[in-house]
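Per TrEMBL, domain 'Ig-like' is recorded for 47-138, 142-235, 258-345, 350-436, 441-529, 533-622. What TrEMBL records for 633-727, 733-826, 831-933, 935-1034 is domain 'Fibronectin type-III'. Annotation comment: TrEMBL describes 711-735, 1032-1054, 1125-1160 as region 'Disordered'. Look at TrEMBL and you will find 1072-1093 tagged as transmembrane segment.
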Amino acid sequence: MKAMRLQRILGLVAALGVITCICAFHTTAAVIIPLEVLGHVNIEQLPTITAQSPSSLIAFPFDESFPMTCEAKGNPEPEFRWMKNGQEFDPFLDPRLMKEENSGTFVIPNNGNLTEYQGTYRCYASNKLGTAISKEIEFIVPHVPKFPKETLDPVVVEEGQPFTLKCDPPKGIPPLQIYWMTISLQHIEQDERVSMGLNGDLYFSHAVEKDSRRDYCCFAAFPRIRTIVQKNAMSVIVQTKKSDTSPETANAILQRRPSLLTPSSARSETQLVKEEDLKLECIAEGFPTPQVEWVKVGHRLPIKAKLENHGKLLIVPRVEQEDSGKYMCKAKNALGEAVHYFTVTIEEPPEWVSEPESQLSMIGSDVLIKCSASGTPQPTITWRVNGVPLQEAPAANRKVLGDTILLRNAKASDSAVYQCEASNRHRTLLSNANIMIMNLPPMILTKEGEDYSAVEGKGVMMHCKVFSSPPSTVTWSKDDSSESVEGPRFAVHDNGSLEIYSVEKGDTGQYTCLAKNTEGSSAIDTMLYVKDPTRIVVPPEHLQILIGTTAQLSCLAEYDESFKNDIELLWEKDDMEIALNYTENSRYFVEDGILQIINVSHWDQGVYTCVARTPVDQDTASAWLIVLDVPDAPEYLVLSERKSKSVKLKWNPGDNHNSSTTEFIIEYEESQWEPGNWKELLRVPGNHNSAVLKLHGNVDYCFRVSGVNSVGRGPSSEPTERYKPPAAAPDKNPENIKIEGHLAHEMDINWEPLLPIEHNGPGLEYKVSYRRQDLEEDWQEHMVKRHSFVVKNTPTFVPYEIKIQAKNNQGWGPDPKIVTGYSGEDFPSAAPDDVAVEVMNSSVVKVSWTRVHKDKLHGHLGGYRINWWRLRSLVDSKKSHGDKHTLTIPGDRNHAAVPGLTPFSEYSLIVMTFNGRGNGPGSHPVNFKTPEGVPEKNPVFRVTDVQKHTVSLVWAPPLEPNGILTGYLLEYQLINDTEEVGPLQTVDISNPDTTKWTLRDLEPVSKYKLYLRSCTTVGCGLVVSEECTTTLETSKSASPSPPSTPKSPVTKPTRSTIGLASIHGGISTQGWFIGLMCAIALLTLIVLIACFVNRNKGGKYSVKEKEDLHPDVESQGMNDDTFCEYSDNDEKPLKGSQHSLSREIKAGDSGDSLVDYGDEDVQFNEDGSFIGEYAGRKEKRVSAEIKATVQTPA
């Protein structure tokens, strides 16, 4: 089948050349042979008029030339001829006319007498197939309109009588405009009495004396020819009535009933064409001046009707048939009325009902040419063929049947141009219909092998444009199938195109268009590809953003993989594409589907649309961008309701920029005290646009307003005009009155003065009034201008009543409030009694007392103070008066806790009260003693000699033993740099005078940690520690090494494995060393067993024997390899050691915590410190020197 189709196509190409086609053109306005066909086949065409001049061509004098246009096309090229007034007219015979080759147009130049060219023209365009004709073209040569030269007699009229001034304008090119003016070009005033009619005449309902003048001029204007002409001036003489009998009747005008000046008859008929303006007028005379009314008989006046010329002219614009009928005007006054009836008929120019159409018909067919038109009156139909009346060109197979021409069994020779002309008195319509009779096989004008892409779910249109005669039948098939595509989703249109609705993936494939008629057939193939739809999966979201920041709108789309190089992601704002130029001034940037708008402004607000576009489809998603900003400044501030103490302020709020205004801030500025300084006066809710402002007198105010929203405060408005209320008495009295007594017999009164704007006028003073509260006495009054006053010679600390009132030149302020205060204070005269001390622990005591009676205070109670000092340490009997310490207890208290005392000491203590003037006398001293505590740290703890198996130590006793020393607790343990520790060994030194010790039987080349504490009967104090490393061999002499830098306490070892620490790298791998270590380990085991047996027998390890082995500390030299570190902060043994519990105490046992004492009334400052003046004892410096005379105990 495909081979047969190809053979048919090749046969057609052999006959007509290589042709591509579209569909059959058989019912068009003019039979147009497509250029694709004409490029390969020479098909003759009837002539068709393509351009012509308008029906009326006016030769305006200011135009240079006047073209008579006539252009046509056809095959062969048409030839042109003209008819003028029904006679042949050859432009080529007139050398003055300008002509063009192969054109029917000629041009009439405006360089002579144009009158000879005036007339009605028609153009004929002919070739061998037929003739087309143009509409009739009327060439009008207007003459210059002129009023006739004439002498006009004066118009003489009696006063009260009507008269008319005739204009009779000359004829000319419409429109015509008429004006009545004086010689000096002043318009004649028109009113209900005087008016101009449609014909240009000037009507006077009745004459009055002022109508007399000699310069009534009628001007006629013709805008299209730019001409104004003037009629000779007319003179009017109004004769007034004179009466000698009665002054009341002199110059009297007789009243009369109305009559119509125009129209003159009782009835008239008016005819006009549809869409024109209906103008009906009634101008009446009479006295008094008649009033004109209009009605439509049996109907209401049209809604679009309007009255002009003081009701004398009725205008109905653009009339329709329903506007026809009978209209009546009625002119009436008090004496009667006059009426006129208008019968209005609406006529219509011809309109096509069925305009003849050009046809391409096959040979042997019957051809119908129909022409009908409507209009009022009914148009006359005239037929022509090739420009000749039908009766002058008879044809045997042609008949006229009413409004239709029938061509039976048409032949090629019947091809012609038929003209139908429909005319009535208003217009003529002309239509040319090209009737072509020929046979042509199908020619498909669409290219072979077109590719179409469609989106799944959408529609697609595949084209197959065919030209043939008779019309071809077009069918579509898919993938070489012999069956046509059918179904509700497929439609073949009249132009041959195949439309597929809601495309599916299975529609992909090759489609064939086959066009066939009686003369042959033709076919083309095309491909359809179905693509995945483009979808925006991440649409932009609505965004509210502050002005001046950066906005980001995101957009992500899915699309068919085949369009990865053709996908476009565009952004639009308010349906206009955003241009992205990426210059320095650009504020729009797009990257990875994100639109960034830099420095957002108000102009950026709007709807932003993301457009994802492929060659076949697109998807869109939109979002609002709302720009937030502070409110604009309010406008149009107005002051109203001005009163002596208030004024009303109104304003128009500014744009809130998408964030509701929450409040308005009203500020004021005054010109006297602080000019230029704006201060806040009032705040009102954001839904208000006015406020009543309370004002002070004698202040020159101006105001401004600003709005506040969630973004912030907006700019302020322009200030109002100034307003100065009159001076008035003060509105208020001073506030914040303070009564103080700095001296015993004085009372100081101070207050906040009124602000300058609160003075309300000049001459501000204050009246200070006072009296004792406990006595019935009169008020003492003083006038002052300052804001303070001192009352002299007052009793000590007695209550007073005080009031202060403001006054200016206008009068007194309101009644003042009474406040109470006291006169000056004196020192308290009594001390607390029954002072008692209760010892809580070694560093805290509780003090109690009896309160001082208020009569002895002589002022406001400030509180109590406790002073104490250390008399001596109980360790020795030597007394030394220590520094005084103070603890202040505010308020009315009768006990307090005194912290920070030194244990095992004797103290003395007194208690006193105080007020605003100062301290009272102290109580009788109370002495007390603090119990023993644990000692302080030893100030010196040092390694003086290190050997292979021994370490010598020396120390100094604590500066503050806080009791009687009972001895020392010395502990040590093996450590190394790998965090391995050995068991904690303990040495209990019971002699408090011992200050040195030698540790024996230590491991060689090992690092040890040493701990020392001083002890009393209460317990042992804080730890000091030292580190050192034993040597490989015993030295006989060595120079001592300097003390090492103190180290921070070691509190948390991380491993508990017991091992040996070596300072000689690599020695542990030597054979002799291994043997030596084994021997030492065996020896140590034997010694430990012996010690264990000895202890079980009740024996005790003699410390004294060890001390006797090394009686002289300084005689023991220190090995050069010794490495010792001193730290007085290492307070705890390392983790994993065996703690000695026999003489330890808990850290809390010697603390100063007041919580343990249960004193719930103890007060603290905000930082947690005691309330009071507490000064600690001074630390004593202790020399760290070790004297050579110190000996190891025997």
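Note that Cβ sites are derived from N, Cα and C of the backbone, with glycine treated the same way.
According to DSSP, the domain 'Fibronectin type-III' (935-1034) comprises 0 helix, 46 strand, 54 coil.
In terms of DSSP helix, strand and coil, the domain 'Ig-like' (47-138) has 6 helix, 49 strand, 37 coil. Mean predicted confidence for the domain 'Fibronectin type-III' (935-1034): the pLDDT average there is 91. Secondary structure of the domain 'Fibronectin type-III' (633-727), assigned with DSSP and counted as helix (H, G, I), strand (E, B) and coil, comes to 0 helix, 43 strand, 52 coil.
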